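Visitor: Let me give you the structure first, and then I'll get to my questions.
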Amino acid sequence: MKLLWRAKMTTFQDGGEEVEDGAVYNVTLKKVQIQQAANKGARWLGGEGDQLPPEHTVRQYETSKIRAIKAGTLEKLVENLLTAFGDADFSYISIFLATYRAFASPRAVLELLLDRFGNLETSSHGEVANLNSLESEMVLRAEIASVLRAWLDQCSEDFREPPDYMCLLKLLDYLKNNMPNSDMESRVQNLLKQFQNQEVEAVDGFCSTSSNDLVDGEELEISNPEEFSSFQDHVVAEQLTYMDVMLFRRVVPYHCLGSIWSQRDKKENKNLAPTVRATITQFNAVTKCVISTILGTRELKIQQRAKIIEKWIHIAHECRILKNFSSLRAIISALQSNSIYRLKTTWMCVSKDILLMYEELSEIFSDHDNYLTSRELLMKEATSKFANLDSSEKENQKKSQKRLQLQKNKGVMQGTVPYLGTFLTDLIMLDTALQDYVEGGLINFEKRRREFEVIAQIKLLQSSCNSYCLTPDQKFIQWFRRQRHLTEEESYKLSREAEAAADTNILSPKSQKSMVKRISTLFLGTDVFTPPKEQPLKSSPVGGSSGESTDSASVSSCEFNHSETEDVCVTPVSSPEDPLKKGSVSSDKGSSSSKGSTFDPGSGLDSSSIPTRDSGSVPGSAPRALPVYNRQSDGSCIIRVSMDGLHASVYKSILITNQDRIPDVTQRALLKHNLEPDAVEDYELVQVISEDKELVFPRDANVFYGMNSHVNFDFILRKKADNGQPWCRGSRLLHLP
C-alpha cells in the first residue's frame, strides 16, 4: 500500500552530548508529527483525493537525531565535512569554510581532505568502511567533490597563493587522477589561469585613495570650493557609493574574524586583512575630504563655509537614500570632528531644516543600547529594494520621498553598504569572550558557529550589493583622489583661524542631549580603544580631531579640560568602531595620567545584542550568555587593561573569572600588550576609580571579587618603582586590605 506522509508539527529536544575519540557532539532530537493516510480507499471513507476526514486521521510521531560537532581535533573537523549531511548538520560545511582560517591553513585542510580521506586505499571513513565496494568509492568521491565544490563556490580566495599556487596545483593533480575530464577539473584550471592573469594585471584603482593612485605629473591639492560645488549632491553620493560597493564586495569575510583582525598590529602582519584595511582607508578618505573642503580654503567667508557644510549634509542624505551607511557615517563623523564642530558662527548660518536633517541622520548612529538603531535599520533594509525614509520634519519628508521616487522610477533595486566596524566589533567581542580550545585541547567549534552568525550577515550584504547599478564618474574620482588631507594640527589651526577661540559654553549644532555622542575612531593603530560608561555632561566644549597612523588617517574625538579649553587634543589612532564616549587632556602641571578614552570592540557589548541567525545554529540549542564589559555575570566579566606611560591610552580586553588572581591577570595583560610575561613581579595592577582615585590590589588578591563593580572596569598595569611600591602620578590610592 502506498502511504502519504505530511509533516504537521516539528519540535526539538536537547539530546545531550556524544563523546568520541577526538570529538564531542551536541545531539538534538527532532520530533515531527505526521499524518498517515492510505491513497486507496480514501473516498470510501468520505475523503476527497488523498485526504481523510479528521475522525479517520491516524497521527504518528517520528523522531530523528541531529548531531552537530561541538569540539574536535582538526582531523575530526575535516572528517565531519564528509559526514555532516548524514548527521543532518546541513550548515556545517558553510560554517567550517567561513571560519577555519582561525585555527588551520588551507594547505593543512586540503592535505587532510585529499591525502587522508581522499585516498581510497588508506581512508578510514566510517560510512564507507568497505573500500572494496565500487559503490563505497563512488560515495566517498561524491562527498569529497561536494566539499570541494562548496569550497570553490564560497571561498575561492583561499587558493590565491602567488606565485606558486601550491594548494590549487595539488587540487588539480587530485582531480586529474580521480575525476579526470570533470567539470570541476576545468573549473580549477580556469581559476588558476585567472589568478595568474590577475597577478600581472594592473591593480584596480579603488583599493586605495593615496597619492600612488594619481596620474604621473599630478599633485595633491587643497580642494577648490568652486570645483567641489560643481558636483551635484546625488552625483557625489553615487560615486562614494560606487567606491564603497567595489571595496565591500571584495572584503574576504574571514579577514573580519576577531582572532585574525586582532593580530593586525604585529610587525609581521602589516599586510594582514588587506580587504578590511581598504574599506577603512576609504572611510577615512571620505572623512578627510569633508574636513579639507570646509577648512582648506582660508579665504572663505562664514556663509560660504556654511554652504559647504549644508552641501555635505545633503550628500549624507543622498547616501542614506542609496543605503550607503559607510559614507553616511564617515560624513557625519567628519562634521562631528573637533575642527568642524567648534565653528559656532558657521553652524549658526546653516538653515534650520538642514540642521534638523543632520540631527536625524546623526541619530541613526546613536550609541544608545549598543547602537540598536543602526543595527535594526541595517537588518531591516539589508535586502529591501529601497530605503525606508522617515522624517519628523514635513519639508524634509517631502524632499526625501521625491528623491526616493526618482530612484524607484529608474526601476533599479539598491543594495546596502554597511558600516563594517559594527561587524568587526561583534567578532572581536566573540573572540575575547569565547575560548579557542576546550578540555582535551579540542578546537571549540561552538565558537565558530557563533562567529558564522556574524559572517553570514556580511555575506548577505555583499550579495545585496550586486543590485547596485552605478557607473564611475572619472572627473569626480580624480578630484577625490587629488585632495590633500589635512593633518590633525593643520585642520585645528585652520579652524582657529576661521573662528577665534570659542566660548567654553557653546553647544554644537546638535542638541545638548546628543552632545555626548562621539565619532568613531577608525584605527590601524596598536589596538582597539574603549569607552567608559555614560558620564554627566560638562560645560566644556566637546570636539574631535583628525589623526593619522602609519597606514591610514582616522577621525577621533576627545573632551577638553576646563583649564585648556582651546588646546589641540591629539588622540592616538586605533581600531575601527563605534563612538568615543569621553576623553580628557590633563592640566599642564606635569600630570599626564588622565587619558583619552577610546573604543574597544569588546566593550559595552551585551551578548543579547550580538546578531543571531537560525542557519548557523543547531535547532533547539540556546547559546550561552557571553561575558560582557562593565558587568559581572555568571562568575566572569571583561575588563580593559592599559599600560601606564607610553601606551596609557591603548586598552586590551581581557576575560577574567572568579578564580583569577593578580598574577594570572597580570601575565595575560603583559601577553596581550606583547610584553615579556615573566616580568609579572615587576608590575602592579590598579583599577581606575575616578580621575584622582585608584584601587591597588594586593599580590594574591582575587580580581573578580576585589574590583569595584560600580565604576568602569578600567585597569592600569603600572611598573613598580625601585622600592617595590607602585609608582603613581599624584592620584589618591585606595588599598585593598
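One is the number of the first residue shown, and numbering goes on along the chain from there.
Every residue gets a Cβ built from N, Cα and C, even glycine.
Quantities reported herein were computed from a predicted structural model and do not represent experimental measurements.
Straight from TrEMBL, here's the annotation block:
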COMPBIAS  547-560  compositional bias 'Polar residues'
COMPBIAS  582-597  compositional bias 'Low complexity'
COMPBIAS  605-615  compositional bias 'Polar residues'
DOMAIN    65-196  domain 'N-terminal Ras-GEF'
DOMAIN    232-501  domain 'Ras-GEF'
DOMAIN    635-722  domain 'Ras-associating'
REGION    530-627  region 'Disordered'
Visitor: Treating G and I as helix alongside H, and B as strand alongside E, what does DSSP give for the domain 'N-terminal Ras-GEF' (65-196) in helix, strand and coil?
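Guide: Secondary-structure breakdown of the domain 'N-terminal Ras-GEF' (65-196): 87 helix, 8 strand, 37 coil.
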Visitor: Could you count the residues of the domain 'Ras-associating' (635-722) that DSSP puts in helix, in strand and in coil?
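Guide: Residue counts for the domain 'Ras-associating' (635-722) by secondary structure: 21 helix, 36 strand, 31 coil.
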Visitor: In the predicted model, what is the mean pLDDT computed over the domain 'N-terminal Ras-GEF' (65-196)?
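Guide: Here the predicted model's pLDDT, averaged over the domain 'N-terminal Ras-GEF' (65-196), is 86.
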